Amino acid sequence: MAPGRVGLAVVLWGLLWLGAGVAGGSETASTGPTITAGAVTNASEAPTSGSPGSAASPEVTPTSTPNPNNVTQNKTTPTEPASPPTTPKPTSTPKSPPTSTPDPKPKNNTTPAKSGRPTKPPGPVWCDRRDPLARYGSRVQIRCRFRNSTRMEFRLQIWRYSMGPSPPIAPAPDLEEVLTNITAPPGGLLVYDSAPNLTDPHVLWAEGAGPGADPPLYSVTGPLPTQRLIIGEVTPATQGMYYLAWGRMDSPHEYGTWVRVRMFRPPSLTLQPHAVMEGQPFKATCTAAAYYPRNPVEFDWFEDDRQVFNPGQIDTQTHEHPDGFTTVSTVTSEAVGGQVPPRTFTCQMTWHRDSVTFSRRNATGLALVLPRPTITMEFGVRHVVCTAGCVPEGVTFAWFLGDDPSPAAKSAVTAQESCDHPGLATVRSTLPISYDYSEYICRLTGYPAGIPVLEHHGSHQPPPRDPTERQVIEAIEWVGIGIGVLAAGVLVVTAIVYVVRTSQSRQRHRR
């Protein structure tokens, strides 16, 4: 019995010892120290946008030197299952320029997770806007960050080239390329030099740039390494290719890069229905004025809500001027004024700024039909009178005599009387009879453009002059002739006396 009891006790003791060992191992695994390579930044503790890092891309900071045999570097161990940290994934340098201050280089060669915040710009320069498109008259700002500019005596020059230089810039500029040891191409105008006292005196400054520019059109602001080029007003003259050259004071062309500034200006739309005379076809003109660039302008015409499809009725022309381009479109109706009611014209203009954006505007106007006036001319004893009935207010007469192309001056007297039609009046003009001309023309002036010339011709023989008046004129003519002869005689006598006295004086001196 004793050996059996002893064996049973040994078995029970072994089972207890084994259970204690298992429990101890579990406690050691759960309570042993956990080695981590970094701390997790919560969203509530994320730095502001002005500081490096963000909640979306936490910065991994080592807290201890891990044992390479027990832990892998840059690997984090979660402490709370509800909010596990994300393991940062290595990212390559982005090709597109960032839009804010780049993050500093992470510690321990750890690359932060890719997020919406920009990273450190590659290359010696980074510009936030390489190809801005701005509205006419607006203000443009281009921000560039120059690497290592605070470690040297930095000098920056900016040159402007027109959009279509002649000869063109060779080779063609690449907006993403950074050039080295390349001087500014010829044909440019200098808009900025951070060291104006070192500028070549033969350099041509752009309008609104350089020392003494009033008002200044260009400015560069901001502390290094970031510089902001500000163009006060974008116009066809200020748009173009801008070449930024920088380097040391003694080597300002160590680096160079291109920035393009483009302008757009939507057209303004006006519709002018033509005033037509009875018997003339209706017309209307639509003008898309002062737009840029010269992208296609499309006109759709409607006459009394019916679209005009016949291309023979529409004439469209484009004109270039310093402020841009203007397109004029004129539609001619098949209907004639006086035979049908006045027509209502609608012009729909579409201008494509680019392949995606366009402007569309409408304008409507009613055509005006004017009655054809009746012009009469009456000759009196001393005056000739010309009358035109029912003409628009503001219309008057101009008189022409014979073949003289200039109007008769200081002789026409104009009066207006009311007419039965609203907005119309009867015009009467009086001109004294001429003793030198027999042909008279009275012409109506002041009609809207497009109205044909309206005039009346008349003939009248010059009346004989008054005998008394003729005698007076002849007497004046004879008096003038007598005065001329007398003056000539006095001059002759004076000359003779002078010659005689001169000869006598010479003879005395000889003696």
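Glycine residues also receive a Cβ, built from the backbone N, Cα and C atoms like all the rest.
According to Swiss-Prot, the feature signal peptide maps to 1-24, an assignment based on sequence analysis. Annotated topological domain 'Virion surface' per Swiss-Prot: 25-480, in sequence order, evidence recorded as sequence analysis. What Swiss-Prot lists as N-linked glycosylation site is Asn42, Asn70, Asn74, Asn108, Asn148, Asn181, Asn197, Asn362. Residues or ranges marked as region 'Heparin-binding domain' by Swiss-Prot: 137-151. Swiss-Prot lists 267-359 with the feature domain 'Ig-like'. The annotation topological domain 'Cytoplasmic' is assigned in Swiss-Prot to 498-511.
The number of other Cβ atoms within 10 Å of the Cβ belonging to Asn362 (N-linked glycosylation site), over all protein chains shown, comes to 13. It is Asn197, among the glycosylation sites Asn148, Asn181, Asn197, whose Cβ has the fewest other Cβ atoms within 10 Å in the structure shown. If one looks beyond the region 'Heparin-binding domain' (137-151) by at least 6 residues along the same chain, the residues whose Cβ comes under 8 Å of a Cβ in the stretch are 121, 123-129, 222, 224-235, 242, 244, 246, 259, 261. Across all of the domain 'Ig-like' (267-359), the predicted model scores a mean pLDDT of 94. Annotation note: Asn197 (N-linked glycosylation site) sits in a helical segment as assigned by DSSP.
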